[in-house]
Amino acid sequence: MEGIVLIFDFDKTIIDCDSDELVVGGLGGAALLQELLPTLPLNTLMVRMMSYLHSQGKTIQDISDCLKTVPIDPQIISAIKTAYALGCELRIVSDANTFFIKTILSHHGLLECFSEINTNPSFIDDDGKLRIFPYHDFHSSSHGCTLCPPNMCKGLIVERIKESLLQEGKRRIVYLGDGKGDYCPSLKLVEGDFVMPRKNYPVWELITSNPLMIKAEVCEWGDAEEMEEVLLKLINIILLSAQEEGNFQAMPRLPHEAFQQVLRVPH
Ligand SMILES: [Mg+2]
Ligand SMILES: [Zn+2]
């Protein structure tokens, strides 16, 4: 069965800022963050910053209130909802953490559109402190990828997703991201997949400086409007080609007329 899996980075892709910087900055930790940034990997630094904020009397409610101020562009919200309604499967691969991502997505009514959130695990301990852990426990072993930070190789996550999809039949992947960490997963995509790097951001620079390294088709985007336009166009192309091949078994979650209308959008 043909199906489309959309894999989104979170910071500067779904939201237009960095949730780590926003929370730390919003709660008075910006100076310490800047001071420690050159000395520690970001994930380790965030573990430290959460302890610092807690010691300064900042509560989970303060963090949550701060996260709820993060806007998501209406066109990104509509792109996500339309893709979900068209039967795409949506997943997140992010170096933020579960608490930040779930708080922001549920505040905007988007959490249920995503079937999987791959990120650094976090939980609230008995003292009311947010504890963040590395996705990959690099204290016990290295993930072995030199392109990625020690706590997370997004390429390995995408490989695991691809393996699990193989068992469900043929699937097409569209990967969207902006950062350096999104380059490794872009290299794991194959012909028939798509990568959507954000134009003029680090992953776009890496991809465009050596385009032969990428087997997937590259479709850049710059802002929310362009992301919606490019993403829905790609979904249409994939669905129509599957239809022509007689391989069309996607199960749109929209009423038939609305589905036809989306397919007819001229590009
Ligand atoms: Mg990002
Ligand atoms: Zn990697």
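Glycine is treated like the rest: Cβ placed from N, Cα and C.
Bear in mind that TrEMBL entries carry predicted annotations, made automatically and left uncurated.
What TrEMBL annotates here:
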type     : residues            : note
ACT_SITE : ASP9                : active site, nucleophile
ACT_SITE : ASP11               : active site, proton donor
BINDING  : ASP9, ASP11, ASP178 : Mg(2+) binding site
BINDING  : ASP20, ASP95        : substrate binding site
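The structure, with features from TrEMBL marked on it.
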| residue | record | DSSP (3 states) |
| --- | --- | --- |
| ASP9 | active site, nucleophile | coil |
| ASP20 | substrate binding site | helix |
| ASP95 | substrate binding site | strand |
| ASP178 | Mg(2+) binding site | coil |
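A Cβ within 8 Å of the Cβ centre of ASP9, ASP11, ASP178, the residues given for Mg(2+), is found for these other residues of the same chain: PHE10, LYS12, THR13, ILE14, SER94, GLY177, GLY179, ASP182, ARG198, TYR201. Note: the Cα of ASP95 (substrate binding site) and the Cα of ASP178 (Mg(2+) binding site) are spaced 12 Å from each other. Cα of ASP9 (active site, nucleophile) to Cα of ASP178 (Mg(2+) binding site): a span of 7 Å.
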